[in-house]
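Engineer: Annotations for this protein, taken from TrEMBL, read as follows:
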- HIS104: active site, proton acceptor (ACT_SITE)
- 9-28, 86-89, 168-170, ALA211: NAD(+) binding site (BINDING)
- TYR53, ARG56: substrate binding site (BINDING)
- 1-225: domain 'Deacetylase sirtuin-type' (DOMAIN)
Amino acid sequence: MKHIVVLSGAGVSAESGLKTFRDADGLWEGHNVMDVATPEGFAKNPELVLTFYNERRKQLLEVKPNSAHFDLAALEQDYKVTIITQNVDDLHERAGSTNVIHLHGELLKARSIKNNDILPWNTDMKLGDLCAQGHQIRPHIVWFGEAVPMIDEAIEICKTADILIIVGTSMQVYPAAGLKDFVKSGTPIFYIDPKPADIHDKYVTTIKEKASTGMKTVIKALSSQ
Ligand code: OAD
């Protein structure tokens with residue numbers, strides 16, 4: 001079975017009603033990214049940061065996967081599929097994908113600020129909510145300036161790709177954006193994005209469409225391979 005590796009970003013969830021980051025002038029749901037997505041922001045105003053992610057979590061529980069998520073999940077019928085997502089939502093899983101790596105963490109998990117304890121979390125998070133060892137918890141999100149613990153595993157997975165699908169990412173944030181450079185030379189790459197970044201690689205087919213229709217185009221191309 002061929003191995004399809006998918007690198008997804010905020011754009012794959014846009015048609016579910018979740019805003020992307022860079023389509024909003026550096027603001028994320030009205031906030032400066034540096035205030036809500038950095039360790040410094042959390043140290044300065046933890047309530048603001050917790051409230052911000054509480055709102056994102058609530059919103060996530062109200063939206064549903066879209067056809068792009070479902071089409072990616074359906075690829076598992078014919079291929080081995082690994083999804084490496086920059087998204088902190090769980091829409092790939094809810095659509096049925098069984099092999100999803102979250103590079104930037106998950107909204108529905110909490111992490112101790114003192115150790116690596118990670119726990120499921122689907123309600124509001126407040127100051128005073130503690131892990132089993134008695135330490136404050138925080139959202140399980142990789143903030144700017146923090147290490148990306150899953151990156152080494154993601155690199156190894158990319159090396160085994162027979163096909164790479166990149167969908168809904170501006171390819172601006174590293175190390176995630178660098179993952180495409182780890183696929184074997186000659187690996188076909190499909191890049192779906194209505195406003196794609198320039199990717200200079202002769203093996204890239206750029207599909208300038210939304211994720212939903214772009215996935216249909218990719219499926220057609222795969223069936224004729
Ligand atoms: P961006 O907001 O940077 O890029 C979203 C991309 O989705 C853009 O290239 C849009 O053109 C595209 N897009 C918009 N609507 C779309 C649609 N309907 N279908 C397909 N594509 C569409 O988001 P990411 O590249 O995911 O990190 O950003 C990477 C990281 O930066 C995020 O994981 C986040 C952010 O800071 C953390 O939260 C740690």
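Positions of Cβ are set from backbone N, Cα and C atoms, glycine also.
Where the annotation comes from TrEMBL, it is an automatic prediction and has not been curated.
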Engineer: Helix, strand or coil at PHE21 (NAD(+) binding site), per DSSP?
Structural biologist: coil
Engineer: Under 6 Å from ligand 1 by C-beta, which of these binding-site residues make it: GLY17, ARG56, GLY168? Sequence order, please.
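Structural biologist: Among the binding-site residues listed, those whose Cβ sits under 6 Å from ligand 1 are GLY168.
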Engineer: Measuring Cα to Cα, how many angstrom lie between GLY168 (NAD(+) binding site) and TYR53 (substrate binding site)?
Structural biologist: 22
Engineer: Taking the Cβ of TYR53 (substrate binding site) as reference, which residues of that chain separated by at least 6 in sequence fall under 8 Å from it?
Structural biologist: VAL36, LEU107, MET125, PRO139, ILE141
Engineer: Tell me, how many other CB atoms lie within 10 A of the CB of the residue listed as 'active site, proton acceptor', whichever protein chain they belong to?
Structural biologist: 20
Engineer: Which residue among the binding-site residues GLY9, GLY17 has the fewest other Cβ atoms within 10 Å of its Cβ, if you could check?
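Structural biologist: With the binding-site residues GLY9, GLY17, fewest surrounding Cβ atoms within 10 Å: GLY17.
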Engineer: What's the CA-CA gap between the residue listed as 'active site, proton acceptor' and GLY17 (NAD(+) binding site) in angstrom, rounded?
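Structural biologist: That separation, Cα to Cα, works out to 20 Å.
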Engineer: Of all the binding-site residues here, SER13, GLN86, which one's CB has the most other CB atoms within 10 A?
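Structural biologist: Selected residue: SER13.
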Engineer: For GLY9 (NAD(+) binding site), name the DSSP secondary structure in the helix/strand/coil scheme.
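Structural biologist: DSSP assigns GLY9 (NAD(+) binding site) to coil.
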Engineer: What is the interatomic distance between the Cα atoms of GLN86 (NAD(+) binding site) and ARG56 (substrate binding site), given in whole Å?
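Structural biologist: Between the Cα atoms of GLN86 (NAD(+) binding site) and ARG56 (substrate binding site), the distance comes to 15 Å.
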Engineer: How many Å separate the Cα atoms of GLY9 (NAD(+) binding site) and ARG56 (substrate binding site)?
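Structural biologist: Between the alpha carbons of GLY9 (NAD(+) binding site) and ARG56 (substrate binding site) there are 16 Å.
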